[in-house]
Every structure is written in structure tokens, then in C-alpha cells.
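K.L.:
From Swiss-Prot, for reference:
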BINDING   E113, D114, I115, I116, T117, T118, G119, K120, S121  5-phospho-alpha-D-ribose 1-diphosphate binding site
BINDING   T117, R145  orotate binding site
Amino acid sequence: MDIKACYQNAKALLEGHFLLSSGFHSNYYLQSAKVLEDPKLAEQLALELAKQIQEAHLNIECVCSPAIGGILAGYELARALGVRFIFTERVDNTMALRRGFEVKKNEKILVCEDIITTGKSAMECAKVLEEKGAQIVAFGALANRGICKRAHSHLKAQEGACLPSHLPLFALEDFVFDMHKPSSCPLCATSVAIKPGSRGN
């Protein structure tokens, strides 16, 4: 399955000057919501991702996503894996588990995002779950921006990666684009970074 083509066909691979939720600036932005607005395509992508996870023979009892960007991807992945789905959300800028969601002690959970950049949001989600007694067994995403190391990829983890090295990250593709710290972003010389989606917008 050509993941890059899926994003291009959905007009979800945007070019410009963007502020990512990780804080980095980039000339490309992956707008997964545009891909996931097609339920059939969302199902196909989730089935592809589930296949990778099932081949790893992991015992997963639940999928959890940080709101809002990860919710559709996480729900479809949970459906493909045949497990329940929950999500965390920000309250006063702090990640929390709400809406009556509960986790059991030692419940094995995969944290799923639509896109993994540094993995910061995924780790905030994981921390909430671990504090409630859950066991994080893996991370998942439709796409990995190449900072974190994913299973079945030759790319190594880069500076800024937040995901733990002892847990696998499953994703359908690596999208490696230039990313810059705001203090050294060459794009800022000619334009102002915009934030087309995700945290805070």
C-alpha cells in the first residue's frame, strides 16, 4: 500500500511553512484528518497497521489515543485488532483520562497517534495510563516523521525522540522532511509559520 500516495491523493501532504505540535517548523505538514475522512480508506490503513502489530505477537487489550488528532486512527486500529478503545484529552494543558474511561491494573495498552513526530503527546498519554496502573506495550501511528525509530525501518532515532527505545513503534511509513527549531528556521526569514491543525488549533 502506497501511504505517500494516499496522503497526496487526499490533498493531505501540504507544502508551506508550518508550526508542528512538537514545536518544530517544517516545510511539509501531514494532515491525516483529510485521509481519515474516507471511512473505507481509514479501515484499510488500520488493517495494514494491525497486520504489523499482529505479526509481532503482542498481547494488546486496549488502544488509547491522545485527542484530538489520534482519535480516528486509534479507533480504527482498535476495531481492526478487535479490542476496546479509549482516549486521553487535555484539560488546562494537562493530559487526562476522562468521560468515565478506566483502565485495569496491568492492562496492556498500545498508544496510537495519527502522526508521530517526537512522540511527546504519545508519551503524555502513556504517562497518564501508567499512573493508573496500565502497562504500555507499544506505540502506533499511520506515519512517522523520522525522528523516532519505528519497527521495520532502517532509520535510527534522532535527537528529540521521546519514545522509549525498548518499546516498538509501528507505523506504515517514514516521512522524512526538513524540520527546524524556531530559533534557527530558514523559512522564518520570508514567512510566518502557520498551524493548520492538531494541538491548540
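Each residue, glycine too, has its Cβ placed from N, Cα and C.
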K.L.:
Hey, what's the Cβ neighbour count for R145 (orotate binding site) at 10 Å?
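P.N.:
By my count, 24.
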K.L.:
Cα-Cα separation of T117 (5-phospho-alpha-D-ribose 1-diphosphate binding site) and R145 (orotate binding site), in Å?
P.N.:
5
K.L.:
Where I115 (5-phospho-alpha-D-ribose 1-diphosphate binding site) and R145 (orotate binding site) are concerned, what is their Cα separation in Å, rounded?
P.N.:
7
K.L.:
Apart from E113, D114, I115, I116, T117, T118, G119, K120, S121, which residues in this chain have a Cβ no more than 8 Å from the mean position of the Cβ atoms of those residues at the 5-phospho-alpha-D-ribose 1-diphosphate site?
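P.N.:
Those within range, site residues removed, are S21, S22, A122, A141, R145, C148.
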K.L.:
For S121 (5-phospho-alpha-D-ribose 1-diphosphate binding site), list the number of other Cβ atoms lying within 10 Å of its Cβ atom.
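P.N.:
The answer is 26 other Cβ atoms.
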K.L.:
Within 10 angstroms of the C-beta of T117 (5-phospho-alpha-D-ribose 1-diphosphate binding site), what count of other C-beta atoms is obtained when all protein chains are considered?
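P.N.:
Result for T117 (5-phospho-alpha-D-ribose 1-diphosphate binding site): 28 neighbouring Cβ atoms inside 10 Å.
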K.L.:
Does E113 (5-phospho-alpha-D-ribose 1-diphosphate binding site) have same-chain partners at least 6 apart in sequence with Cβ under 8 Å from its own Cβ, and which are they?
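P.N.:
Same-chain residues close to E113 (5-phospho-alpha-D-ribose 1-diphosphate binding site) (Cβ under 8 Å, separated by 6 or more) are S65, P66, G69, G70, A73, G74, S121, A122, F139, G140, A141.
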K.L.:
Could you state the whole-number distance in Å separating the C-alpha atoms of R145 (orotate binding site) and G119 (5-phospho-alpha-D-ribose 1-diphosphate binding site)?
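P.N.:
If we compare the Cα positions of R145 (orotate binding site) and G119 (5-phospho-alpha-D-ribose 1-diphosphate binding site), the gap is 10 Å.
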K.L.:
Could you list the residues of the same chain, at least six apart in sequence, whose Cβ is under 8 A from the Cβ of G119 (5-phospho-alpha-D-ribose 1-diphosphate binding site)?
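P.N.:
Listed in sequence order: F139, I147, C148, A161, C162, L163, L169.
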K.L.:
Based on DSSP, name the secondary structure state of E113 (5-phospho-alpha-D-ribose 1-diphosphate binding site): helix, strand or coil.
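P.N.:
Assignment for E113 (5-phospho-alpha-D-ribose 1-diphosphate binding site) reads strand.
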K.L.:
What is the Cβ neighbour count of I115 (5-phospho-alpha-D-ribose 1-diphosphate binding site) at a 10 Å cut-off, with all protein chains included?
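P.N.:
Cβ-Cβ neighbours of I115 (5-phospho-alpha-D-ribose 1-diphosphate binding site) within 10 Å number 23.
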